[in-house]
Amino acid sequence: MREGSFPRRTRLLCLLAAVVLISTVTSFNIDTKNVVLHHMANNYFGYSLDFYNEQKGMPVLVVGAPEAETTNPNLSGIRRPGAVYACSVNRPTCREVHVDKMKGNLKKLNGSHLVPIEDKAYQFFGATVKSNDKHDKLLMCAPKYKYFYSKFEVIEPVGTCFYAENGFEKTEEFSSCKQEPARHGRHRLGYGQCGFSGAIPGKKNQDRVFLGAPGVWYWQGAIFSQNTKNQTDRPNTEYGSKEYDHDMMGYATATGDFDGDGIDDIVAGVPRGNDLHGKLVLYTSKLKMMINLTDEVSTQHGQYCGGALAVADVNKDGRDDIIMGCPFYTDYGSVKDAKTQERKPQYDVGKVIVFLQTAPGVFGKQLAVVGDDQWGRFGHSLAAAGDLNLDGYNDVIVGAPYAGKNKQGAVYVIHGSKDGVREKPTQKIEASQIGHGTARAFGFAVAGGVDVDGNGMPDIAVGAWKSGNAAVLLTKPVVTVTGATEPESALINVEEKNCDVDGKLGKQACRHINTCFKYEGKGDTPNDLEFDLRFNLDDHSPEPRAYFLQKDVKSDRSIKVASGSKTRDHPSSIEQRVRLEKGRQKCFRHRFFASSTMKDKLSPIHWSVNYTYVESKSGKLRGDKLEPAIDTTVPLSFQNKINIANNCGKDDLCVPDLKVTAVADREKFLLGTQDNTMLINVTVQNGGEDSYETKLYFDVPQGFEYGGIESVGADGSAPACSPTSDEPDSDGKWTFACDLGNPLPANKVVSSVVRVTASSDKPPLAPISINAHVNSSNDEEAHTIADNKVTFTIPVDFKNQLSLNGRSNPEQVDFSMTNKTRSDVFDDNEIGPVVSHLYQISNRGPSEIDAATLDIFWPSFSTEGGHLLYIITEPVVNPPNKGRCRVKQLQNVNPLNLRITNEHVPTEPPVAKTPNEYSREEDDESYEDETTTQSQTHHQTRTEHTQHHQGPVHVYERDEDKIRQNTGNWQYVEDKKKKGDYEYIPDDQEYDGDDFEDDDEDFDRAGSKRVKRAPVPKKKKKEGSRSGEPRSDKARFSDLREAVKLSKEAGGVVDYKGPLSRASVDCNGLRCTHIECDIYDLKEDEFVLVEIFSRLYTNTLVDERNPGGDISSLALARVTSTKYNWPHKPTLITAVSTNMNAIASEEGRDLPWWLYLLAILIGLAILILLILLLWRCGFFKRNRPPTEHAELRAEKQPAAHYADTQSRYAPQDQYSQGRHGQML
């Protein structure tokens, strides 16, 4: 079966259902063009109405206007007593009926004065107008009529009614609630409002009327059976217990035979009964209680069931059925919100319940018809309309006074049927269709059952009190059309081209279809009528495969191309106007051809023929007769089909055996790799008979994009594939359909490769489900369908390997334990040799790393607080577009403000940047600005200092007090918007002396001995750190030492699960420097180098008599983010160590130069004094003996040695650009 389609049998059933639906919706025979519309303004004209035969065979429409000023001379001077009008059914004329023969208000002697005992002002006369089934008796009531009881002190609305027979000449007044002596009061009959509703029995029981009085006995309500010939014969229903208070029984009444005795009984509506659900109470003609009827279909509080009533035999079983209105019913299930698809309540749509009498006194079946317009109050009024369409079943009209356009009101026609009533109204008449469309509250009152124009069809009347209208709507006669359409032959072979279509298409396969019609009439129907026929070829197919011949259309003037035809040259739909004679069949013959290039050669070619009656603008025929209406209880169209010849054998049934297999080119899909394409090998095989319109369907999983399909093998081309819809399904999957053949022959194998590519924006994160299935337009046998579908799952993984390496340059530094540099140094090269630690963090793949962190803990100070590895510059990151570093304790970078000689800077040219790297630098502009701001915070101004030195030297002014006192540190602090800056934090907020109190060794010099130091005094602890984290979460010095030890024992990098992290290590109290580096966008085999340059502060080693050992920095690296939030692997740690080698002391001492000069001068002075003394003594004047040759040995003097810092501690080879520029 094809994706998204139904089997042929199912589609045919759907078509038949559509035909029934069309007949249900469009059927009507109430004429809206020739309406007799009566109008009177501002008096509630149309509040009630009914037909009444004033004279035999001469019906009038009696309309109540309960707010009217009467023209009755007997009621002169009484304000708005109300009036009843007799209106013509043929033209818009009315006259008031004077039924009250009493002169004004009745008066009675009260002492010596005559005083009124009644009040007819505002009595609402005309609120109830009701006739019997034969429409020869009439009841007219004033429910607000007031009576003054015997003491003249109590005035209560007892209500009154007038009864007429055979005209209006003789009338009787009945006020059943007006009873003496003293039955007044709300607890009795005083507020009864007799005549609020009324009903006149039609079967036997001819001398009585039933009056509803909903206000008696605390508004429990009652029914009075008033004898029309005896005023005092007026029995009523009994008083109930207080739980029935305010039920308002008698709000509506109707009569019918409910016990099978042939005498009309009474049914009363109780809209507030049954806990406000509403109910009906049935009494016999003698007012004996029979049964209660309640809504069992969809009951709800406040629906006001029983607010309107009608009685009719709707299913023609000979028993009277009851129709009950529930105008305030709310529909919670029919309407859905267009966006959310949630069901929306439709308030006050109203509904009608039909109680079918299945046996005498037994109502065993309920049917419900629900309104279609919110606030419309469908079921506010009801009337038995008779058999409107002459199908043998009585119909019902329902008023909805606030439905339709602009809430002006509407009337619905519900047809009876053998099952009761039809599920939906057959006609909806809106106020906008009547007259000029000005009626309001149209449908507040309805009446029917009288043929007023003599065409044998009962007509209806509708009241609209808000606009003061009453309308008489005539019923049109009914025309029933029967017919059939048949093919010339049962098959068409598209390869047998037997007719010439045109020069372009040449010859094609042609066939004829024959269609026959005739009509019969119900009522006064004409002998001949015009109909429009519409022929639709191949109307089951999205694209037609069969067409009418253009030359045939042009040759017949009665035929034209139908509007909506998908083609014009050779149309698939045509229209033809024909004239039929009543009772005579007429046939038509049309030729069509089937396209030889059609794809679907298995499905039959269906066609349909629809017919409609051609109406005139006036809606009338010759002789001023109403036009007929089409009977929609029979189909409005006829259908048939013709099969296409194929290779399916004698049974004309091809049964394929399709099978599909699929396999992916990988067992696991890795995210974040360069290769994001997956291939799915799909093979389809047909092991049965020919498979027509064979299609392969496969799902492109969520997170993938379709990349095309290729055929495997040299004998076939790639199938054409396209998505089945414009949007993915609810799971984000796209379904593609591929044509594999029409037909796909038996034993044919089709192999294809589907390429899908993972989306870069939203790649797959869950296991990938691969679904594929194959289908065709012909059905397979049930036991072979299982292999038409294949489903398998491919797991998704994310795999990257973070690598961390480091080394020291140089690996060993020699220093002398006896030689110190001078303390007043100014250049960085005077404090000791350069020591740099280089770290490399890399991704060994295969998946990408979105973000990683590298945290380096640097040994800036010794245990005694002296400078150790003195950082001279901020860390160098290479390549700069892959990471950035910041020193958290920025004051530890060149804290003595020495001139940086830049001897550590390599001389090689910088690494060339790609355009993408320049783009990255532009993106990081905000970070550079931040860094500049930090730098300006600590180095606010720069001046050039040239005293005692050659060339410019940069000196930075700092907060000397803070640096000298070492009372605090600079920390990087982020606000809520993730923007940050460095702030100065005093030590008393961060430092905790407990971190060192029990430690004997520093992590940067593991294994070396030192002089025991004095304990550091403890400072007051804070409850928490600046970030709000508890102090117990901070790492201790021992954690750093153990991490260094762990790395050394492992000989390099180690997976670390200890307490150290970026947040837990606080270098402010551990005499270290925390360097935070953020690394990003590392693809496979990419790396980042981070190098920290420092100088070994040799004076600290000499002062602390350190015999040597290792100085170590510690680095932590971890993946913090991937593109797909995959679980991260453990943290890596490694320690980089520099060995300090203490060398033996040299002879001599380093003495100041002035001591040497002083010694020379003293020696010279002594020599001069000695010469003068010898000269004075005449030493040089004595006779000298002969000269002897002798060797004078000079006295040994201690050699003076001077420390040359640059030559001893900073050999030139340590500054070679090769060593400091080399990368691992």
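Positions of Cβ are set from backbone N, Cα and C atoms, glycine also.
The N-linked glycosylation site annotation in Swiss-Prot covers Asn74 (among others), and the record cites sequence analysis as its basis. In sequence order, His98, Asp100, Lys101, Met102, Lys103, Gly104 are the residues near Asn74 (N-linked glycosylation site), counting only same-chain partners six or more apart with C-beta under 8 A.
Summarising the annotation, Swiss-Prot assigns N-linked glycosylation site to Asn110 (among others).
Asn230 (N-linked glycosylation site) carries neither a helix nor a strand DSSP state and counts as coil. What Swiss-Prot records for Asn230 (among others) is N-linked glycosylation site, and it gives sequence analysis as the kind of evidence.
Taken from Swiss-Prot, the feature N-linked glycosylation site covers Asn292 (among others), and the record attributes it to sequence analysis. The Cβ of Asn292 (N-linked glycosylation site) has 12 neighbouring Cβ atoms from other residues within 10 Å, across all protein chains displayed.
Non-local neighbourhood of Asn610 (N-linked glycosylation site): Leu533, Arg534, Asn536, Leu636, Ser637, each in the same chain, at least six residues away, with C-beta under 8 Å from its C-beta. The feature N-linked glycosylation site is assigned by Swiss-Prot to Asn610 (among others), with sequence analysis given as support.
Here Asn681 (N-linked glycosylation site) comes close to Ala662, Val663, Ala664, Asp665, Val712, Ser751, Ser752, Val753: these same-chain residues lie at least six apart in sequence, with C-beta atoms under 8 angstroms from its C-beta. Under the heading N-linked glycosylation site, Swiss-Prot lists Asn681 (among others), citing sequence analysis as support.
All protein chains considered, the CB of Asn775 (N-linked glycosylation site) has 24 other CB atoms within 10 Å. When secondary structure is read from DSSP and collapsed to three states, Asn775 (N-linked glycosylation site) falls in the strand class. According to Swiss-Prot, the N-linked glycosylation site annotation covers Asn775 (among others).
The N-linked glycosylation site annotation in Swiss-Prot covers Asn819 (among others). DSSP classifies Asn819 (N-linked glycosylation site) as coil under the three-state reduction.
As annotated by Swiss-Prot, region 'Disordered' applies to 898-968 (among others).
Positions annotated as region 'Disordered' by Swiss-Prot: 981-1037 (among others).
Here Swiss-Prot flags 1190-1224 (among others) as region 'Disordered'.
Residues or ranges marked as repeat 'FG-GAP 2' by Swiss-Prot: 110-173.
Taken from Swiss-Prot, the feature repeat 'FG-GAP 4' applies to 236-292.
Computed over the topological domain 'Extracellular' (28-1153), the whole-number mean pLDDT of the model equals 83. The topological domain 'Extracellular' annotation in Swiss-Prot covers 28-1153 and rests on sequence analysis.
Between the listed glycosylation sites, namely Asn230, Asn819, the fewest other CB atoms within 10 angstroms of a CB are found at Asn230. Between the CA atoms of Asn819 (N-linked glycosylation site) and Asn292 (N-linked glycosylation site) there is a gap of 120 Å. Across the repeat 'FG-GAP 2' (110-173), DSSP helix (H, G, I), strand (E, B) and coil residues number 0 helix, 33 strand, 31 coil. Spacing of Asn775 (N-linked glycosylation site) relative to Asn292 (N-linked glycosylation site) is 58 Å (Cα to Cα, whole number). Using DSSP to sort the residues of the repeat 'FG-GAP 4' (236-292) gives these counts of helix, strand and coil: 7 helix, 23 strand, 27 coil. Asn230 (N-linked glycosylation site) and Asn292 (N-linked glycosylation site) are 30 Å apart (CA-CA, integer value).
DSSP assigns Asn610 (N-linked glycosylation site) to a strand segment in the three-state reduction.
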